[in-house]
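Since the structure comes first, as structure tokens, the remarks are kept for the end.
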Amino acid sequence: MSPSPPPEILVVIEVTARSVAQVGLEFEKVILEINHRIEYSPFKPPGDKIVLEVERSGFLKSADHPYHEFYRKKRDAYLAQCQAGMIHFRAPMFYDVKPPPNRDDPPPPPLFKNHPPEGITLVELGLIKVTAQFVARYGKEFWNALIDMYMFPHFRFLKCSDENFSYYQGLVVMYQRVLSPLHVGLDTDEALGEFFRYLQLEKLHENVGDLHALVYGLDCMDNDAFPHVVPSFSLCMFHAGLDEGYFQPECVVDAGLDEDYFQPECVVDAEAEAEAEADDTIPAYMFPVRIPLKELGIIKLTALFVARYGKNFLRALMMREVLNPHFDFLFFRWDSWPHYPSMEPAEIWSHVFNVTVYAYSNVIMPSKLANNVDYHWEDVVGYFFQSLQLEKLEEGVKAAMIDLHAFVAGVDYLAHIHEPYYSGIMSPPQRLSALIKNLQPTLQTHPGILVLLPMGRKTSDYPPLSSKSQCDLLENAFSPGIRPDELGVIKLTAQFVTMYGMSFLEALMKIAPTTEIDFLNLTHIRRKLFLGFVDVYYCILKTSTKVVKSGDHMAKAIELFFRCLQLNKVKNGVGTSVMELYAFMSGLEYFTCMDVTGYSAIMAGPERRSVMMNRLTQMDTGGGGLESLTLRTPLSFPSTFDGSVSPLEIGIIKLTAVFVARYGVRICKGLMKKVDMRPVLKFMEPSDECFHLYKVAVDAYSKVVNDSDDVDTETVVERYFQCLEMKDDLGDLYGFLEGIDLFAQMEDEKFSKEMGNHLVVHLYQYDETISLEPGRQKVDESASTLLEGTSRIKVCVPTVDGRKVIEIIVESWLLEKVASLKEKIAKMIQMQANELKLRRKSGRVLKEDKSLAHNDVEAGEILTLTWRISRWN
């Protein structure tokens with residue numbers, strides 16, 4: 001039995017066999033004579049393509065060559081087809097070809113979108129699709145090598161004049177949107193060899209099912225058509241009568257040449273693999289594990305969708321299937337030093353899943369939807385399960401099993417070619433025909449797939465890795481003697497700067513007097529301390545994406561910053577204001593203390609709002625008692641409820657969502673194991689009516705906090721239930737959530753609308769509790785006596801101490817233009833007029849070149865002034 005040649009030699013055999021079949025057997029002598037001259041030439045450039053081909057054509061010299069028998073069978077098969085008139089070889093088509101589209105070029109108009117040309121056969125369609133897939137993956141170099149070979153009618157679609165050329169070009173463009181280009185380590189001969197290895201041109205009509213299986217899943221992953229695109233047909237058509245013997249596997253897999261021609265198609269021999277597992281053929285450093293065919297198919301399909309659609313899809317899937325045992329492998333952390341003998345099967349499979357995701361990610365391109373948190377990911381999850389056909393798999397339907405493995409066949413095949421770590425642990429991919437044969441007579445008798453995982457030791461067996469502390473700058477700059485109010489202002493500023501970037505810092509320095517937030521000055525002694533906190537908070541907070549797109553968003557962030565800060569009250573030592581400041585930051589401080597190495601050694605952990613309240617009450621010497629201390633409602637407290645969900649339930653949902661956003665959905669499995677807490681956490685089940693709110697909260701918080709995989713699940717679950725004890729005091733619970741929740745309301749409009757606070761949602765609307773500024777009132781009253789026929793207008797302006805209402809004397813409603821009014825306001829608040837915006841109560845910005853009347857400003861209406869941050873650098 002002749003061995004299968006490697007891809008680079010297979011290409012030479014393919015060219016030689018077809019050339020000899022075209023010209024005649026005498027052409028072998030001509031080739032040998034030419035090769036002899038080249039071989040004994042005095043000058044042979046090393047690495048030259050012709051020289052390499054000569055070195056690889058030794059199978060012609062002697063019948064004892066290991067690949068001579070393989071070449072002879074290939075040559076005889078082509079000769080027989082030529083004599084029977086089945087194929088007619090032609091010369092290369094240099095005169096009528098067009099290179100594949102460039103990935104950077106704009107896509108051509110879609111032709112035959114998801115519908116093959118009329119009259120095309122399944123063989124032609126499969127060959128066109130496989131060729132387009134390889135061209136999309138390996139690029140113009142592969143295409144040049146392909147057209148450089150002697151062509152015959154199967155590849156006539158490469159000619160521009162062919163009726164199927166446009167369809168082929170459209171497929172290349174579509175696959176280019178799905179497959180990553182291979183630039184590093186590209187060997188054109190190897191790629192061409194793998195191409196012909198899979199096609200098996202001498203028996204193409206027998207392997208039509210294998211052709212379509214290779215592109216079956218890729219046809220469904222095009223961005224522009226998702227989620228409505230479906231394959232042009234189901235592979236079930238190739239095995240519709242599987243149980244009745246309609247599909248005969250022996251017609252596809254022959255004896256002799258075919259058994260070795262494509263090694264991955266060989267039927268799994270359970271007894272042989274069992275013997276291999278028992279003897280010394282498996283290296284001692286490898287751990288063998290046999291995964292059932294159904295479970296491996298689920299793992300591979302999940303890995304394919306995760307590689308394509310990223311973490312947002314993975315989170316949506318895990319939240320939906322938290323109680324489904326088929327997906328238990330998703331809920332384990334990656335272990336760099338696994339000890340497989342001590343792991344349960346699902347944990348071992350999680351390592352197979354992670355390796356598969358990595359391998360597939362190097363083959364398939366991430367979707368343009370992958371980073372869109374706001375996308376309706378339920379559609380993608382629904383399509384995933386439509387492709388999975390889980391119910392049919394559980395019922396043992398063979399067609400569903402075949403379609404599942406065919407869906408991932410294309411990406412899996414390419415991953416085996418160029419991902420040595422993946423191909424080193426995973427059994428070679430099977431052809432559709434071989435898989436069908438392995439499933440006879442019943443699915444339950446399939447032995448599963450053998451996977452060899454590299455052994456490791458327990459993490460505890462290794463010394464701890466030394467790493468640079470993220471708190472080095474903070475530790476060097478921190479002074480134990482700093483006042484609590486000063487420290488609170490620095491921390492809050494650092495949190496907002498971390499969230500909204502250095503542009504927020506620049507805008508803040510422009511608005512706030514340097515004497516009020518003096519630590520922002522470059523030479524101030526507290527400047528390094530402030531930057532130290534920024535470094536630390538970057539470990540927890542993400543940078544806002546909306547603030548870059550909208551100056552109004554930045555202005556709103558600055559105003560919320562001053563509302564939370566209450567700067568004058570904090571600087572004057574008002575106890576409640578300082579307490580509210582620390583309560584606002586408590587949630588973020590908690591995660592910083594827990595997750596940032598060294599932070600808890602510098603800073604004390606956050607206290608509950610009620611604990612700080614009790615301490616203030618005991619310190620109150622005015623005799624007022626608790627009633628004299630009035631606290632504002634946390635901005636995380638929702639403004640409205642529909643009656644079906646209580647404030648306590650909303651608080652628990654938000655707390656859970658924060659932990660899931662921070663530590664991943666993997667912790668949900670640990671939370672649900674607490675049977676006594678199931679009634680409290682029932683909203684985590686997709687069937688519960690509150691699951692929608694829970695999902696909205698997770699999506700919103702995921703835009704604010706960085707995900708962390710550095711803490712084991714048991715520790716996170718323990719921390720969560722410790723925090724859940726705050727449910728006995730809503731002030732503690734919502735105070736803990738306030739800072740992160742405020743940022744989430746700013747980033748996610750859907751979350752803000754359904755679970756937000758009106759003080760954040762309607763920040764610019766005039767509040768009746770805001771009183772007229774006393775100093776301005778006297779000036780306005782005296783001024784009104786000077787001019788006859790003038791009017792007064794009230795404007796609510798932002799300041800570092802919150803919003804104030806001022807009155808300004810203007811000309812008549814018809815004569816006073818908005819630009820003139822802005823100049824008057826700018827002089828009063830000491831800012832530039834071009835840095836301000838005037839809005840009506842509805843939020844609409846007034847047109848500066850129009851009068852108040854033309855802007856529909858009514859008498860008695862209070863206008864709102866906001867900052868124009870977008871004008872600043």
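Every residue gets a Cβ built from N, Cα and C, even glycine.
Summarising the annotation, TrEMBL assigns domain 'SURP motif' to 12-71 (among others).
Here TrEMBL flags 127-168 (among others) as domain 'SURP motif'. Sorting the domain 'SURP motif' (127-168) by DSSP state (H, G, I as helix; E, B as strand; all else coil) yields 31 helix, 1 strand, 10 coil.
The domain 'SURP motif' annotation in TrEMBL covers 298-341 (among others). Long-range contacts of the domain 'SURP motif' (298-341) within the same chain, counting only residues at least 6 positions beyond its ends with a Cβ under 8 Å from a Cβ of the stretch, are 178, 217, 221, 287, 289, 291, 347-354, 356-357, 360-361, 363-367, 369-373, 375, 377-378, 380-381, 384, 387-388, 390, 393, 404-405, 407-408, 411-412, 453, 455-459, 461-462, 660, 664-666, 668-669, 672, 684-686, 695, 698, 702, 707, 709, 712-713.
Averaged across the domain 'SURP motif' (489-530), the predicted model reaches a pLDDT of 84. Per TrEMBL, domain 'SURP motif' is recorded for 489-530 (among others).
The domain 'SURP motif' annotation in TrEMBL covers 652-694 (among others). Mapped onto DSSP classes, the domain 'SURP motif' (652-694) shows 29 helix, 0 strand, 14 coil.
According to TrEMBL, the domain 'Ubiquitin-like' annotation covers 793-865.
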Pairs 6 or more apart in sequence, C-beta under 8 angstroms, 3 or more of them: is that satisfied by the domain 'Ubiquitin-like' (793-865) and the domain 'SURP motif' (489-530)? yes
Taking DSSP states H, G and I as helix and E and B as strand, how many residues of the domain 'SURP motif' (489-530) are helix, strand and coil? 29 helix, 0 strand, 13 coil
Residues of the domain 'Ubiquitin-like' (793-865) by DSSP state, where helix covers H, G and I: 15 helix, 27 strand, 31 coil
